[in-house]
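According to TrEMBL, the protein has these features:
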- A:20-440: domain 'DUF112' (DOMAIN)
- A:47-71: transmembrane segment (TRANSMEM)
- A:111-137: transmembrane segment (TRANSMEM)
- A:149-165: transmembrane segment (TRANSMEM)
- A:172-188: transmembrane segment (TRANSMEM)
- A:208-225: transmembrane segment (TRANSMEM)
- A:260-283: transmembrane segment (TRANSMEM)
- A:323-344: transmembrane segment (TRANSMEM)
- A:356-376: transmembrane segment (TRANSMEM)
- A:396-419: transmembrane segment (TRANSMEM)
- A:465-489: transmembrane segment (TRANSMEM)
Amino acid sequence: METMNFLLQGFAVALTPEHLMFAAIGAMLGTLIGALPGLGPANGVAILIPLAFSLGLSPAASMIMLTSVYAGAMYGGRISSILLNIPGDEPAMMTTLDGYPMAVKGKAAEALAISAIASFIGSLLATIGLIILAPILARFALHFGPAEYFALFSLAFATLGGVTGKNQVKTVVAAALGLMISTVGVDITTGNQRYTYNILELYEGVDFIIAIVGLFAVSELLFFIERHISEGAASATLNKLNLKMSDILHILPTSLRGSVLGFISGVLPGAGASLGSFISYSLEKRIVGAKGYFGEGDPRGVAAPEAGNNAAANGALVPMLTLGVPGSGTTAVLLAMLISLNVQPGPMLFTQNAELVWGVIAALLVGNLMLLVLNIPMVGVFVKLLSIPPKYLMPVVTLIAAVGIYSISNSALDLYFMVGFGLMGYLLRKLEVPLVPVILGMLLGPEMERSLRHALTISDGDWSILFSSGLSIGIWSVAILGLALPYILGPLLRRRMENARARMEVEEEAD
Amino acid sequence: MQRSVRKLLLATSLVFATSQSFAFEPAKSAECIAPANPGGGWDFTCRSVGKILSDLHYIDGNVQTVNMPGAGGGVAYAHTVSKREGDTALLVAASTATTTRLAQGQFVGMNADQVRWVGALGADYGVIAVAKDSPYKNLNELMEALKNDPQSVKFGGGSAAGGWDHLKVLIAAKAAGVGNLPKIKYLAFNGGGEAITQVVGGHIQGFTGDVSEVLGFVESGDLRVLAVLSDERLPGQYADMPTAKEQGIEAIAPNWRGFYLPAGVPDDAFDWWTKTIDGVYESDNWKQVMQQNGLMPFHKSGPDFTAFVQQQVKDIRDLSTEIGLIK
């Protein structure tokens, strides 16, 4: 009942004209970013953070806009998967399996509509899950002392690569890089300076917002310059939508199953949306069995991964809001944004910043409705936008990034840092080192270090405090599992994902 | 002979100064540097005072707030010292955090005499609190426990080790006669809220911070305030919180909010700003801002404020030396 009251208050925040407008802008830009191949939700949010700063938005408005971008990107990813057979982002990869065959059969509009409905169901159920689970978890989170937090941060690092991660060593390198950068600045446990060389600008460390924008947005520009891409993707055509009620009912059970699985994999740290869509698709294929025609344009094969990845995206907000530990790359970026807005995520967020949190949650529900509208009747607009040549798009992105970063602190040094991180991001991507662990390292490194030192201060230097509660032992076990699983399950899962895609491509050529 | 020449010089310069005080006209617009990102306390000081300055027509145009984060105010301090000397249209927001860092030499190569401290218009007072189920019912019980074993109560606060939140505990402990101050354990968190969470969760025993940070938790019953570090009880919803003083412990720790001007600002301009700050403090607009934002009465300006800042810097330096933070 209390939750319902908070939610109603949240709607009062989310339904103000200003916030509705920012939710709409976010949903729109998010869908567009998701649809453009290569730009995932983490990049999308990273690129738009400067926009929030240069507009001077309030914390609530910024978070509403950015979470709408996040939700929108999860919707948008499917558009190019279905129309062009190019996943707009990684979680949308599974959608190509049945989405593109449907488009080939002249059912692109139906595929887009079905996947939008599945996305809507996934998002809706996961938001409800978030509403129920988050306050409970927030109350429980009071049991987390420094020792438990240290275990939890270790867990986040252990599962960094994700179950399907390719090169664990490169992930570790990236995380270590982030950790190293995070040691610059004042060490608040002792008040001493580390690696600042008496340069005042370095005293508070390297701002992770600048690192995020540089690594993601500026490196994107450098790649663009290198590839000389000047024309947009091949324009796709869309047939007239012919969707019956029975088609929707047909995919309903699939969407429900996908949502539940997606939500669970979203809540678990490190697993994220890609796993959500993969598990949902695989399970659906098994349940339906021979009755389906998966891989040849079965609508259920479009609905399952889309419900899964949208549900996972909202599920990942649960640990981010309640514990301050992000469950995925995009939530890490959102977490960074919350911290720079002087809002401290964690157990007390739900009581101390109730208006903001519930406003954002209510905005998720409202934004989800907007996205459904944007993605069925208006999907044609995005299809057209897909063919915008990047030569117009990228300069705008860079301009927004530069103006936004400068407006945070009016310091030209920040711009140099942004460009520096852009170059670093470019190099890392060339070496196929993932960028998200760098950000997580920067973000979680100081917290993890402090938790360890606090735990040891409390215990007067006795290391056994780290394993002294049932809770911490439980978290350590999951962390060890997270480290071991990729070596056992990873190759297996990856082979299956690749097989499924390869098989489809072979069949396509055979057509 | 020598002396009379000097007297003459002094007299003429005084005449010159007074004649200028009639001549000084405030700039059409002014700038207020908030040495932090938008959303923090300094940002709030700049924006709210800036608005009142133009609303009450002390400044005809706008007062532009410029955020200049870095080094806990050090970047803005260095900027003011090196680039803005004599600028009469510039205010820089400051607080006890600024004097603490100056006292501990954290703004390398700079000290508190390099700017002109013009005034403070409100304060947030220090507070020492425990969880609702804590065995300590008042400040004396807590201090007794510290006297027996300085490590028996571990404190958490939102500033770095040696920062103002840490010093509040030490100020109170010193006033209560606790020996061995360096042995008292302090855990530094990113913000007061994070530290409170750990106290409420029972992982650490004491919270040290500002009174505005605890209000929500006192109302929800999670925290019990043992002492407010103010001269007398605070008004309004804070009236139930006992002061340290009434429990026999002379510990006062205001986190004031105010401004400094660049060095080299002529005296007439300094006087104008002093009177202006006085005017703002007396205005109904400011009283409303104070009430809405939980700011407590605290006002010093001009030479009074400069003397206060010098004393605070000295006190903090002495205390920091005593606990071994600085040499």
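Just so you know, glycine gets a Cβ as well, placed from its N, Cα and C.
Non-local neighbours of the transmembrane segment (A:111-137) in the same chain are 2-3, 6-7, 71, 74-75, 78-79, 82-83, 95, 98-99, 102-103, 238, 241, 243, 247-248, 251-252, 254-256, 258-260, 262-263, 266-267, 297, 299, 302-304, 306-315, 317-319, 321-323, 350, 361, 364-365, 368, 371-372, 375-376, 379; each lies 6+ residues outside the stretch with a CB under 8 Å from one of its CB atoms. Long-range neighbours of the transmembrane segment (A:396-419) within the same chain, counting only residues 6 or more positions beyond its ends whose Cβ lies under 8 Å from a Cβ of the stretch, are 47-54, 56, 201, 206-207, 209-211, 213-214, 217-218, 220-221, 340.
Taking every listed stretch (A:208-225, A:260-283, A:323-344, A:356-376, A:465-489) in turn, the largest tally of C-beta pairs under 8 A with the transmembrane segment (A:47-71) is reached by A:356-376. By the count of Cβ pairs under 8 Å, the stretch nearest in packing to the transmembrane segment (A:323-344) among A:208-225, A:260-283, A:356-376, A:465-489 is A:260-283. Mean pLDDT, taken over the domain 'DUF112' (A:20-440), works out to 83 on the 0 to 100 scale.
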